[in-house]
Amino acid sequence: MGLSRGYVVAILTLLSIVNYADRWSVAGVLNELQRPPSSGGFGLSDLQGGLLTSAFVLSYMMFSPVCGFLGDRHSRREIIFVGIAVWSGATLSSSFATEYWQFLAFRAVVGIGEASYATIAPTLVADLYSLEERTLALGYYTSSIPIGSALGYIVGGVTSRVAGWRWAFRITPVAGFLLAGALYLFVAEPPRGTSDVVPQARVSPSPGGSGGTSSAPAPPIPVKAHGVWGFWTDVKLILRSRAFVWSTLGNSTMAFVSGALAQWAPAYLQRVNCADVTGSALTDCESQINFIFGGMAVVTGTVGTLLGAALSKWYGRRNVNADAIVSGLGLIASTPAVFLALHTAPLHANMAWACIFVAELTVSLTWAPTNAILLSVVAPHQRSTASGLSMLATHAMGDSVSPIAVGYVADKLHDGGRGLSRAMALQHALYLVVFWCFAGGLFFFITANHLQGDRLTALAGGYGPLDVEGDSGGGGGGGDGDDGRRRAGGGGGSPGRERSPRALLEMGPRGGGSLRNDGRLLGELDDEQSLSLTAPGAIGRTPDGRPRGGGGGPGGGGGAEYGRYEPVELADVGGGRSWAYDRTGIPASPGGASCSGRLTPLSPRGGGSRGVGAAPGGVLL
């Protein structure tokens with residue numbers, strides 16, 4: 001029995017809340033874990049406390065690509081179910097640990113289980129909603145991050161005070177097991193890429209046609225790599241996306257900031273506002289700070305996440321790069337707020353709380369847009385792999401480093417009591433995060449420069465616009481193309497040329513030739529204009545079924561092969577040139593000229609080694 005997509009997102013969101021509550025419950029009881037064994041703790045230093053989060057994140061990031069690889073090739077629902085069982089079981093087991101190393105090992109296992117969920121669950125949401133709806137849907141889903149994180153602080157603090165810190169790790173596993181059962185029994189897995197559409201830009205109407213804005217479903221990508229070699233093929237295609245690379249760098253800085261503040265901000269506020277006591281449970285002051293910090297995270301996280309999604313959707317009607325711009329502005333705006341929160345905490349507690357509110361709100365603006373960026377710049381059948389790669393890089397440079405780095409710097413500044421006080425040492429160590437807020441904003445602004453072109457490339461299965469060279473064949477004289485550039489006519493004219501950085505179609509004088517991508521041979525054309533592929537690629541064909549090559553413009557002769565295609569997306573893909581894209585994401589004509597006809601997908605035969613027929617308008621292989 002399958003549920004509607006709204007209920008599916010609700011179940012995924014609840015599971016994500018449990019995920020993050022479990023993850024950050026350690027921060028909620030950190031002060032108690034640092035108490036001596038005689039008081040029920042492990043007697044941890046700041047470095048050891050930071051290592052608890054870093055061990056979790058280390059295993060989390062290492063297994064994210066593995067889970068992504070599996071998620072693109074096997075049942076995502078079943079992989080998630082197994083992952084939930086692993087993390088819930090490890091969390092429950094950690095509550096019985098008697099030594100620090102045991103607790104540390106269980107936290108590392110929790111990271112393995114949670115990697116499967118965080119890597120794959122967003123791809124299910126992406127396959128349920130079109131590009132126009134996706135950011136808002138992801139906004140609802142990612143609102144689980146602040147809500148779950150806040151519940152981790154609250155559950156950890158309240159439970160620790162009432163029943164001891166061990167019970168804080170016995171509540172979330174029960175919820176995890178129940179929701180895992182609901183996911184397995186009631187959620188049907190959507191086909192990959194089923195909701196992807198290409199929005200039609202406003203263009204001048206072609207003869208007999210009309211301009212306007214509409215959407216058409218993008219065809220499923222027929223090429224799907226399998227096995228280990230297929231994984232490396234996917235990785236190479238994913239890393240070609242500059243938007244993916246720069247947004248991942250932006251996510252890394254955001255993870256550095258979030259990891260450091262989530263781990264150490266409550267401890268810092270407790271050190272500057274509460275007396276140093278050694279009881280076996282949290283003091284009223286410490287528990288109150290956990291409750292306020294967690295409650296504030298719920299409000300700012302939920303409002304900020306949904307506001308960021310709404311702003312991105314609203315601004316997206318005016319600017320196709322809205323996701324990246326909103327993310328960049330959010331991190332830039334958080335920079336002064338984080339600095340003032342750290343600086344004013346020992347002096348004016350209320351002002352510090354106000355700054356924390358602003359900082360959490362502005363950082364939360366980025367959650368939904370950044371997820372939407374990641375899922376839109378890679379092909380549908382590569383999304384789990386891309387998500388795993390992004391998490392590996394994000395956590396390797398972000399929150400696997402920041403908690404332990406801040407703890408190490410704080411220990412050095414404190415110097416066993418010979419240096420700064422524990423509170424001031426932690427304050428100075430946390431100043432590290434201010435720089436990363438600003439740097440992250442810049443990374444997302446750079447992402448905006450590449451976002452739309454990479455989205456269109458993703459719709460072509462990860463292969464970019466064609467770079468076409470060829471002779472026009474026979475026919476009349478040359479003429480000016482629709483983009484204002486001179487094109488060869490027929491009969492011995494010089495080759496026409498359409499430039500793009502990624503693929504090259506070389507046409508011989510009698511129609512034969514080869515298709516190359518970055519110098520790598522993808523296939524060959526025979527004299528009958530039949531394409532035999534030796535590797536996956538993409539090629540456009542004229543409306544009569546012939547491969548599109550160079551050719552004459554309006555003044556060209558009968559041998560011209562430069563066809564006219566109906567553009568459904570107009571975008572600048574670099575170099576100051578505009579390309580009109582057909583529904584598959586393959587460039588149809590340079591300059592955005594009015595055209596007629598369209599390209600259509602064509603499935604491969606024989607293991608993807610040869611194209612089948614000549615569908616009117618085009619082939620995507």
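Every residue number used here counts from 1 along the chain in the order it is shown.
Every residue, even glycine, has its Cβ placed from backbone N, Cα and C.
Annotation comment: TrEMBL describes 548-561, 605-621 as compositional bias 'Gly residues'. Among the features that TrEMBL reports, domain 'Major facilitator superfamily (MFS) profile' is placed at 8-452. Annotation source TrEMBL lists region 'Disordered' at 193-217, 470-563, 585-621. Among the features that TrEMBL reports, transmembrane segment is placed at 47-67, 79-98, 104-126, 138-155, 167-187, 243-269, 289-312, 324-345, 351-377, 429-448.
The transmembrane segment (79-98) makes contact with the transmembrane segment (167-187), as judged by at least three Cβ pairs under 8 Å among residues 6 or more apart in sequence. Note: the stretches the transmembrane segment (351-377) and the transmembrane segment (47-67) are not in contact (fewer than 3 CB pairs below 8 A, sequence gap of 6 or more).
Through the fold, the transmembrane segment (324-345) approaches residues 243, 247, 250, 253-254, 257, 261, 268-269, 272-273, 304, 308, 311-312, 315, 351-352, 355-356, 358-359, 362-366, 369-370, 373, 427, 430-431, 433-434, 437-438, 440-445, 447-448, 451 of its own chain, all at least 6 residues removed from its boundaries and within a Cβ separation under 8 Å. Counting only same-chain residues 6+ beyond the ends of the transmembrane segment (289-312), those with a CB under 8 A from a CB of the stretch are 28, 135-136, 138-140, 142-143, 145-147, 149-154, 156-158, 265-266, 269-270, 273-274, 282, 322-323, 326-327, 330, 353, 356-357, 360-369, 372. When Cβ-Cβ distances below 8 Å are used as the criterion, the transmembrane segment (138-155) is approached by residues 9, 12-14, 16-28, 121-122, 125-126, 168, 171-172, 262, 266, 290-291, 293-298, 300-302, 304-306, 308-310, 360, 364, 367-368, 371-372, 375 of the same chain, each at least six residues removed from its ends. Predicted-model confidence for the domain 'Major facilitator superfamily (MFS) profile' (8-452) is 82, expressed as mean pLDDT. Most Cβ pairs under 8 A with the transmembrane segment (47-67) among the ranges 167-187, 243-269, 429-448 are made by 243-269.
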